[in-house]
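Q: One structure, as structure tokens, below. Some questions next.
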Amino acid sequence: MITLQNLPWILLYTGFLAIFLSRLFSNGKQSRDEKANGCQPPARYPQWDPIMGLDLVYSQVSALKNNRYLEWLRDLHAKMPKTFSLNFFGQRWIYSIEPEILKAVYATNFRDFGVEPIRRHSKGSMPFADKGVNTTDGEDWEFSRLLIKPFFERNVYTDTDRIKVHADHFLSLIPADGETFDAQPLVQRWFLDLTTEFIFGESMGSLAHPERADIAWTMLDVLRGGRLRAQMHRFMWARDWTWWLKAVYKVHDYVNPYIRSTLKELAEREERIKQGLPVGPERTDLVWSMATHLRDEELLRSQLCLIIVPNNDTTSIFISNCLWHLARHPEVWKKLREEVFALGEETPLTFEILRNMKYLNGVLNETHRVIPNNVTQVRACVQDTVLPVGGGPDGKWPVQVRKGDIVSVTKTVMYRDPDYWGSDADEFRPERFDGLRGTWNFLPFGGGPRRCPAQMMSQTEAAYMLCRLARTYSRIEARDPEPYTAVMRIGPSNKTGVKIALYK
């Protein structure tokens, strides 16, 4: 008998039954399609909840909460072949560490995959942001790429003079020889000053005024909450997000005045031109460039927030991760200094010089490999397609992927796979990149049309900072005996920071 008391349970069981029958029908059709296309299914991850996959949902959220997400990913892959499928929130996910699958997702099958169903349709980023270069596909994505065109311009990413003034200030704040300090927040403030100048046309000045850096820590809360909301997906309603919403509105309060003043100045400039009156030189900062194409305040804020918040985290954490490893490998620091001093002490650190320093770039690449900012590459299948490998008992057969399936390439596991990197894959050894040609098993900034537009800028900024430190300090020491514990934001950062000491 149906009563008000048992109605919710009846609806719940009915929902599960509907999902089960739908999956049963879908699996039967997929099996027929696989045979017709010469495909075979990938190995199946064993789950005690094969219908909704709530066992993996719970374990993943728990891993994120306890700062064990990287270990969770490694454990997930440890006893499985390079490609396998599982069920997550009732959806088929294909996990892989196959370079050929990454190539298909990034390039050869690019139009068969997208990010919008995962990042935008889930509403996990709302009300922080909606449309942007990180959340859209198709024409919307192409428009967002147009808005951030300055990232691609050579005169911007090759300009090391814009880095120098902030690097000088950064170096002046490093404590005296042998004094322990946490480099991570200092690097964060340096990068905040550098990036706000590029985006807004004026630096925040957080190196001189540390209290201004509070917005950076707020941005980190936005990133942490955003990742957790994405993982919880359909169960976002089960958690109180008040703390996250406070962070979101604080970031909005920070960027809104810049947007409004820019739109006002742009309108006034256009009116003066219309009247034949003289105008000054046009601004060259990013928000000005974006505003010339997009005049809606809310839409512009969405696009801008999806640039400034993730961008503020990635490069600074990358440099911090470099320093964490260099402090534990004095022989690498010594070789880096030898390469830097071979240039001559007064040689300007230009873009061309930095990009041709083999060992320096080996250090950067090895840091990307051991602790990648982009831990996983996740794409939703937007139309039925076929992946080139991953199916069958030997993993060599093509795999049928249906619209709605999710493909996740786990870079943090791929980058440590001994099959690709040798028996010392877990070791930090920059020499491994000497003479190594680019392959699909190492793409720290992605590949294909969605390659990170800030790649050259980020690499130049990191290279410049490491060179300046190597020129100034003869020795670097680790002052934290704890192992690296990854706290997930956009990418991983060490829970206890980067406690080091430097000696001139």
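Every residue, even glycine, has its Cβ placed from backbone N, Cα and C.
The model shown is predicted, which means the values in this text are computed figures rather than measured ones.
Sharing the feature lines straight out of Swiss-Prot:
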- 7-26: transmembrane segment (TRANSMEM)
- Asn134: N-linked glycosylation site (CARBOHYD)
- Asn312: N-linked glycosylation site (CARBOHYD)
- Asn365: N-linked glycosylation site (CARBOHYD)
- Asn374: N-linked glycosylation site (CARBOHYD)
- Cys452: heme binding site (BINDING)
- Asn494: N-linked glycosylation site (CARBOHYD)
Q: So, three-state DSSP: helix, strand or coil for Asn374 (N-linked glycosylation site)?
A: coil
Q: Could you tally the C-beta atoms, other than its own, that fall within 10 angstroms of the C-beta of Asn365 (N-linked glycosylation site)?
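A: Total other Cβ atoms inside 10 Å, all chains included: 17.
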Q: Inside 10 Å of the Cβ of Asn134 (N-linked glycosylation site), count up the other Cβ atoms and send me the figure.
A: 19
Q: By the count of other Cβ atoms within 10 Å, pick out the sparsest of the glycosylation sites Asn312, Asn374.
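A: Result for the glycosylation sites Asn312, Asn374: minimum number of other Cβ atoms within 10 Å at Asn374.
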Q: May I ask which of the recorded positions Asn134, Asn312, Asn365, Cys452, Asn494 is closest to Asn374 (N-linked glycosylation site) if we compare their C-alpha atoms?
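A: Going through Asn134, Asn312, Asn365, Cys452, Asn494 one by one, the closest to Asn374 (N-linked glycosylation site) is Cys452.
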Q: At a 10 Å cut-off from the C-beta of the residue listed as 'heme binding site', count the other C-beta atoms across all protein chains.
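A: The residue listed as 'heme binding site' is surrounded by 19 other Cβ atoms within 10 Å.
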Q: State the Cα to Cα distance, in Å, between Cys452 (heme binding site) and Asn134 (N-linked glycosylation site), rounded to an integer.
A: 10
Q: Cβ distance under 8 Å to Asn494 (N-linked glycosylation site), same chain, sequence separation 6 or more: which residues?
A: Gln184, Ser320, Asn321, Trp324, Tyr484, Thr485, Ala486, Val487
Q: Do you know offhand how many angstrom separate Asn312 (N-linked glycosylation site) and Asn365 (N-linked glycosylation site) by C-alpha?
A: 20
Q: Check the residue listed as 'heme binding site' against DSSP and tell me helix, strand or coil, would you?
A: coil
